[in-house]
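A.B. asks: So Swiss-Prot has the following annotated:
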- 71-76, 105-109, 129-130, Lys142, Lys151, 169-172: NAD(+) binding site (BINDING)
- Glu184, His247, His264: Zn(2+) binding site (BINDING)
Amino acid sequence: MKRLTVHTAEKAQQYPILIAPDLIKNASLWHLYCSAPHIAIITNETVAPLYLSSLKAALTDKKVIDIILLDGECHKNLATYQHILTTLLEAHLGRDGLLIALGGGVINDITGFVAATYQRGICWITFPTTLLAQVDAAVGGKTGVNHACGKNMIGAFYPPQAVLMDTATLSTLPPREFSAGLAEVIKYALIYDISFLSWLEQHMDAVLRKEKISLENMIMNCCRYKSEIVCADEREQGMRALLNFGHTFGHALETITAYRHWLHGEAVAIGMRMAAELSEMRGLISADEKARVISLLQRAHLPTAIDIQLNCEDIYQTLFLDKKVRAGQLRFVLLSGLGQAHVVDDVTETEIFAVIAASRSENESFARF
C-alpha cells in the first residue's frame with residue numbers, strides 16, 4: 001500500500017491518501033477512518049451497482065444510508081445539492097455523522113460541498129473510482145457545484161479526513177473515462193515536471209493497458225505533485241493557480257455545451273492544446289514543443305480540436321464567466337517551456353480568436369470510444 005500525507009498549511013491540518021488495490025474490501029481500514037455512528041454514502045447510478053454493496057459490507061456495524069444520484073456533470077448543480085441535503089435531514093444525520101463520496105469527480109465535488117455546508121460542516125471521506133478523481137479531484141479540498149452561468153461557481157475549500165484510492169476500480173472504467181483522466185495526468189507533466197513528461201511518453205502504452213506498476217506509479221506521482229502544490233498554496237493565491245492549465249478554455253467549452261458534449265478531461269485536453277497554441281504564439285515554446293504536447297494528448301486518445309460548430313464570440317464571452325477573472329481581466333496559464341508554467345492576464349481578444357481558429361482544424365479528428 002502506498003501512502004502520502006497532504007498538509008494544509010492554512011488550517012494546520014493533514015489527511016492521508018492511501019493507494020492500493022481492493023481497498024474497498026478492507027473492513028479494518030474502513031473502521032479506522034469511519035468511527036462515526038451514522039454514515040451516508042453518496043454515489044451515482046453507474047458506480048452503485050459496481051461497488052456500493054462491497055462498501056456497505058465493510059460497514060455492517062454502522063447505521064448506513066445511501067444516496068444514489070444520476071450520473072453526469074450536468075447533474076452537479078444546486079438541485080442535486082438540495083436533494084442530498086433534504087435526504088440527510090430526513091434521515092436525521094447529525095453533526096457527528098460522516099459522508100462518503102463513492103464515485104468520480106462529480107460525486108467528490110458535490111459530496112465535499114455538502115459536507116462543508118451541512119449543519120455548518122461535518123466530516124467526509126472520498127473514495128474516488130475514476131482516474132480523473134484519483135489524480136486530481138480527490139486531492140486538495142476543492143468542492144462545489146456548477147451554475148448555469150459557469151462551472152464550479154459555488155463551492156468551498158473543505159478537505160476530507162481521508163482519501164482512499166482503490167486502483168482495482170479502474171478496471172471497470174470505460175476507455176473514454178480513463179482517457180479523460182489522463183488529461184489531468186498530462187497536465188502535471190506539462191506544468192510541473194518535464195521528467196514525468198518523458199516518463200509518460202515512454203510508458204503511455206503500458207498505462208493504457210492499465211499495467212499495475214505503471215498505473216500505481218503514475219497515480220502516486222500525480223498525488224505527490226498536487227499535495228506539494230496544495231501545501232504551498234491551499235486557496236489558490238499563487239502556485240496552485242498553475243493547476244488551471246487548460247481549464248480556462250476547457251471550462252468555457254463545457255459551459256457553452258451545457259456539459260453534454262465533452263467529458264471534463266476531454267474539454268481540458270482541448271484547453272491545454274489551446275493554451276499551448278497561445279504559448280507558441282507568444283514565443284514561449286517552439287512549434288516542436290507544441291507538437292509534442294498535442295502528440296501526447298492524442299496518444300492518450302484525447303481530443304485536441306473543437307469538433308463541433310461553436311461561435312467564436314460565444315466562446316470568448318463565456319471565458320469571462322470563469323471564476324479566475326480578476327478586475328475584468330481574463331487569466332490564463334501558459335507554458336514557459338515544457339515542465340514549467342506561469343499565469344498571465346494580458347491576453348488580447350485578437351489572440352483568443354486566433355487560438356480558437358487554430359484549434360478547430362478540419363485536419364484533426366477524434367474518434368469517440
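Heads up, the Cβ atoms here are built off N, Cα and C, so glycines get one too.
Since the structure is predicted, the reported quantities are computational estimates derived from the model, not experimental observations.
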A.B. asks: Quick one: which residues besides Glu184, His247, His264 have a Cβ within 8 Å of the Zn(2+) site's Cβ centroid, in sequence order?
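C.D. replies: Neighbours within 8 Å of the Cβ centroid, excluding Glu184, His247, His264: Leu132, Asp136, Ala183, Lys187, Gly246, Gly250, Gly265, Ala267, Val268, Gly271.
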A.B. asks: Neighbour count, 10 Å Cβ-Cβ cut-off, for His264 (Zn(2+) binding site): what number do you get?
C.D. replies: 25
A.B. asks: Of Asp71, Gly105, Thr130, which is closest to His247 (Zn(2+) binding site) if I measure between C-alpha atoms? They're all binding-site residues.
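C.D. replies: Nearest by Cα distance to His247 (Zn(2+) binding site): Gly105.
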A.B. asks: Could you say which of the binding-site residues Asp71, Glu184 has its Cβ with the most other Cβ atoms inside 10 Å?
C.D. replies: Glu184
A.B. asks: Where Thr169 (NAD(+) binding site) and His264 (Zn(2+) binding site) are concerned, what is their Cα separation in Å, rounded?
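C.D. replies: Pair distance, Cα basis, whole Å: 19 Å.
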A.B. asks: So, three-state DSSP: helix, strand or coil for Thr169 (NAD(+) binding site)?
C.D. replies: helix
A.B. asks: What is the separation, in Å, between the Cα atoms of Thr130 (NAD(+) binding site) and Glu184 (Zn(2+) binding site)?
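C.D. replies: Computed Cα spacing between Thr130 (NAD(+) binding site) and Glu184 (Zn(2+) binding site) is 12 Å.
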A.B. asks: Do me a favour and check the Cα-Cα span between Cys74 (NAD(+) binding site) and Glu184 (Zn(2+) binding site); whole Å is fine.
C.D. replies: 20
